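K.L.:
Handing you this structure, nothing more for now.
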C-alpha cells in the first residue's frame, strides 16, 4: 500500500538506490534488462520450503472447495438456498486458489513477476474481487443463520431460492465492479504518480493505493464484519435461550410438534455454530491485513516486506480453511467426500444417496 501524503517525500533515485543496492552482487529478475527488479535473496533450500508451503495452500484451496461445490451441487439432499450460498462462497475461494495463489507464490518466493503487466493488473483485480465476494457471502450467510435459528419453522418461507440467488448475484457483481473499477482503471494510484514511477522496475507487480481508497477498502471490510459479529452474538444468545428451554421441557411431556421444533432448532444451531467458526476464521485472517494497510497508508511503507508477505498469505490461506472446518464439523460432508473420491458419485442415482442416516 502507499500514501498520497506530501509529508513522505519519494525520490526516484533514492528509492532505486535502496532497492537496487549492490545489484551487481545480487540476482536480477531479468539479467539483461535495465531497471530490473532484484530477486529475493533466498537460498535454494528456503525457496523449496516456501514453494511447498504456498503450493500446498493453493492445492488445498482448489481441491477442498471443489469438493464442497461438488457435494452441494451433486447431492439433492444438499440442494437448499443456504447451501447454494455456501457453494458460491466455495467458488470464490476456489478461484483464489486458481487465479491468485499460484502467481503470488512465484512473486513471494522469487521477488519477481514473470507473467506480464496485463496479468499483473488482472491478478490484483481477481484478488480484490474474489476476496470481497467471500466477505459478502459470509455476511449473507450470517443473516441466513440468524433467520434459521430465531424462527426455524417459518425459515424456509423467508429465505427462499430466489432470495439466495439475489444475495449471490449481489456478492459477485459488487465485488467485481468495485475491484475492476478501482484497480484496472488505475484510480487507486491517483496522486501517487511519482511514487509509482519510483517503485516501478522490470519484473515487479506492486499495487499502490492512496489514502482515500485504503479507507474505503477498510470500510468495505469493517461494515460487513460488524454486521456478522452483531448477528452471531444474537444467534448465540438465542441458542443459549433455546437450550435452556429445551432443558426445562425435557422434564415435562412435550407435544409432537414441540419435539419436531426442538429437533429443527438443534440442527440449525449446529449449522450456525459451524458457519460462525468459518466467519471467525475469516475475520481473524483479514483483520491484521487491513490494519496494516491503514498503517502503511498513513505512515508510509513502514511494514517490512517479509511481514507484509506473511499477512497476505494468511489471507490467502483462509480460502483453504472452510473445507477443513466443514470436514471437521459436518459428518455429511465427510461422507460426501468419501463418495466423491471413491468414484461412487458416478453411479446411477448417486445424487439421491442419503447423507443424513440419522
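Glycine is no exception: its Cβ is also placed from the backbone N, Cα and C atoms.
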K.L.:
Have a look at 34, 210 and find the one that Swiss-Prot tags as N-linked glycosylation site.
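P.N.:
Going through 34, 210 one by one, Swiss-Prot annotates 34 as N-linked glycosylation site.
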K.L.:
Please identify the range among 275-295, 338-358 that Swiss-Prot labels transmembrane segment.
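P.N.:
Residues 275-295 are the ones Swiss-Prot records as transmembrane segment.
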K.L.:
Would Swiss-Prot have residue 233 on the same side of the membrane as residue 334?
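P.N.:
According to Swiss-Prot, residue 334 sits on the same side as residue 233.
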K.L.:
Which of the three DSSP states, helix, strand or coil, fits residue 37 (disulfide bond)?
P.N.:
coil
K.L.:
Counting Cβ pairs under 8 Å that sit 6 or more residues apart, are there three or more between the transmembrane segment (310-332) and the transmembrane segment (48-68)?
P.N.:
yes
K.L.:
Could you state the CA-to-CA distance between residue 37 (disulfide bond) and residue 120 (disulfide bond) to the nearest Å?
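P.N.:
With the alpha carbons as reference points, the distance is 15 Å.
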K.L.:
For residue 34 (N-linked glycosylation site), which of these disulfide-bonded residues sit within 10 Å, Cα to Cα: 120, 201, 205?
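P.N.:
Within 10 Å of residue 34 (N-linked glycosylation site): 201.
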K.L.:
I'd like the Cβ neighbour count for residue 205 (disulfide bond), meaning other Cβ atoms within 10 Å of its Cβ, all protein chains included.
P.N.:
19
